[in-house]
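The next block holds one structure in the form of structure tokens; read it before the comments.
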Amino acid sequence: MAWEVTAGLAIVLMGLYLLPKYMNLSITTLPEFLSKRFDEGVRRYTVILFMVGYVLVTIPSMLYSGALAVLKLFNVPELLDISYTHSVWVVIWAIGIIGAVYAIFGGLKAVAVSDTINGIGLLIIGALVPILGLITLGDGELLNGVKTITTNHPEKLNAIGGPEDSVPFGTIFTGLIFANMFYWASNQYVIQRTLGANSMKEGQKGVIFSGFYKLLVPLFMMIPGVIAFHQYGGDLKSVDLAYPTLVTNVFPPYLSGFFLAVLLGAVLSSYNSLLNSAATMFALDVYKPAFNKDASEQKLIKVSKQFGSIIALVTFFISPLLMNAPNGLWDLIRKFTGFFNIPIIVVVLVGVLSRKVPAQAAKVAIIFHVFAYYLMVWGFNQLFGIAVNIHFIHIYGILFAIEVIMMLTFAYFKPRSKAFKFYNSPKINMTPWKYSVATSVILIASIGATYIVFSPIGVAYSEGMVSPYFWPVLIGLVLATIGLVILSIKKWQKKYAEVLGYSENKDERPIENVQ
């Protein structure tokens, strides 16, 4: 739950602060931003990090997760009379080929349209899974199912948890917040849609509202997991099978078909977006600056399609290997993204907040991180037999701090000859959304409310449905939020627009801002 719900904090940072910086420079990709802030070398370093992450982890995991659902719902090994391993390969290649054709030849417009359609379907299916699951668990009664998960093993609903959990609560305040900053504020796969917004107002709306959808994750994903625990206990071969197994058992055939269509649509949509991001970065951040600076738009489109085809083919071979992940798909993804998420967000944040940090500092920080992360998570144990008993998310935070200090030290002893200035060169209206601050306040308060609900004073209370402190605390949070929203609308929004250097009058054009 922590990965998803606390993402709202990073989303607020993106919407209120980093998005104006990006849009001011009229960039198309995150590496392009880093080339303007630092140099072409930093641009190439980050493209390599993105490509390695996308090809080895992110894209294969998308294909594999979709394949699991298809295998479980249709019992493909029996249907085709082949082994489970062969079934995984067949389904992954089938999904991959369909998705690759759509992504490579449809472009970003196709990705945006498919995301909109799939989003509606996901909301419907996401709500149906826990509802039907609770009805099944409660022998036909929804309330009986709710009573079961809140009174039997209520600790499973505790989002606070302890140090032995897979994601200890303390990691929120060390590395997890920075991992979410990377994903929601600098990951090309995520921000490419926002960078294509037709105005700052529309971009901010999309970014901030996405944070509210993240708050649905406990209902859509956490509750089904708890239901599966009560239904199957430890009978499942892999934790990755909990969700598709529950769906298979609680959905009637006609809904199973709808679920599969929506799920495959979501998988293909994410797969399309990742392929599109990789192809776009290669064309604009590698091919054009390094090989053909005068390339026409048609030439870049052709190159991106060719590169996308190569990336797709490579991931078809890597994806089936994920079935060998010892601790489940999710753990594998999070550990391996540590190679590239922290150095990229370090370089972005330091580059934005300090205008004297040189490009050399960014390059050294990136190289240092790759080796240091490997040594701390795996290397010391594999090479020297020395186990580093620190959770990998805490290692995120440790390396983040070290790399920030490293870059600032470079700036102190060897600063840029001239401080970088974020000159305005926007191609769109940069007036911020007039409710951006107030909505962000509501989002942050909603994150707090979610943790109150899924805590020992909420539904994880061991002596009843909720503790006596639950309602007073929740009402107090609501009243405080109302006060802060009023203050945001009356005062903070105007100050925010002034800090950005833009009038709140939607018809007024941007003025220069070099902050």
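Backbone N, Cα and C define each Cβ position, glycine as well.
Residues annotated as transmembrane segment in TrEMBL: 6-24 (among others).
Within the chain, the transmembrane segment (45-67) has long-range Cβ neighbours (under 8 A, six or more residues past its boundaries) at 30-31, 34, 88, 91-92, 95-96, 99, 188-189, 240, 263-264, 267-268, 270-271, 274-275, 277-278, 281-282, 285-286, 311, 314-316, 318-323, 329, 332-333, 336-337, 339-341, 343-344, 347, 362-363, 366. Residues or ranges marked as transmembrane segment in TrEMBL: 45-67 (among others).
TrEMBL lists 87-105 (among others) with the feature transmembrane segment.
The transmembrane segment annotation in TrEMBL covers 117-137 (among others).
Annotation comment: TrEMBL describes 167-185 (among others) as transmembrane segment.
Positions annotated as transmembrane segment by TrEMBL: 206-230 (among others). Away from its own ends, the transmembrane segment (206-230) comes close to residues 1, 4-5, 7-8, 11-12, 14-15, 19, 123, 126-127, 129-130, 133-134, 136-137, 145, 148-149, 152-153, 156-157, 159, 193-194, 197, 236, 242-243, 245-246, 433, 436, 439-440, 443, 446-447, 450, 453-454 of its chain (Cβ-Cβ under 8 Å, at least six residues beyond either end).
With a cut-off of 8 Å between Cβ atoms, the residues of this chain six or more beyond the transmembrane segment (250-271) that come close are 59, 62-63, 65-66, 69-70, 73-74, 95-96, 98-100, 102-103, 111, 114-115, 117-118, 121-122, 124-125, 128-129, 132-133, 135-136. The transmembrane segment annotation in TrEMBL covers 250-271 (among others).
What TrEMBL lists as transmembrane segment is 307-326 (among others).
Marked as transmembrane segment by TrEMBL: 332-353 (among others).
Within the same chain, residues 42, 45-46, 49, 335, 338-339, 342-344, 346-347, 395, 398-399, 402-403, 406-407 sit at least 6 positions outside the transmembrane segment (365-387) and bring their C-beta atoms closer than 8 Å to a C-beta of that stretch. The feature transmembrane segment is assigned by TrEMBL to 365-387 (among others).
The transmembrane segment annotation in TrEMBL covers 433-457 (among others). Outside the transmembrane segment (433-457) by six or more residues, the chain places 1, 5-6, 8-9, 11-12, 15-16, 157-160, 200-202, 204-205, 208-209, 211-212, 215, 218, 222, 466-467, 469-470, 473-474, 477-478, 480-481, 484-485, 488-489, 492-493, 496, 504 with a CB less than 8 A from a CB of the stretch.
The transmembrane segment feature in TrEMBL is assigned to 469-489 (among others).
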> Residues of the same chain, at least six outside the transmembrane segment (167-185), with any C-beta under 8 angstroms of its C-beta?
Replying inline: 2-3, 6-7, 9-11, 13-14, 18, 159-161, 191, 334, 337-338, 341-342, 344-346, 348-349, 391-398, 400
> Hey, does the transmembrane segment (6-24) touch the transmembrane segment (307-326), meaning at least 3 C-beta pairs closer than 8 angstroms, sequence gap 6 or more?
Replying inline: no
>> Below 8 Å between Cβ atoms, which of the listed ranges 6-24, 87-105, 117-137 makes the most pairs with the transmembrane segment (332-353)?
In response: 6-24
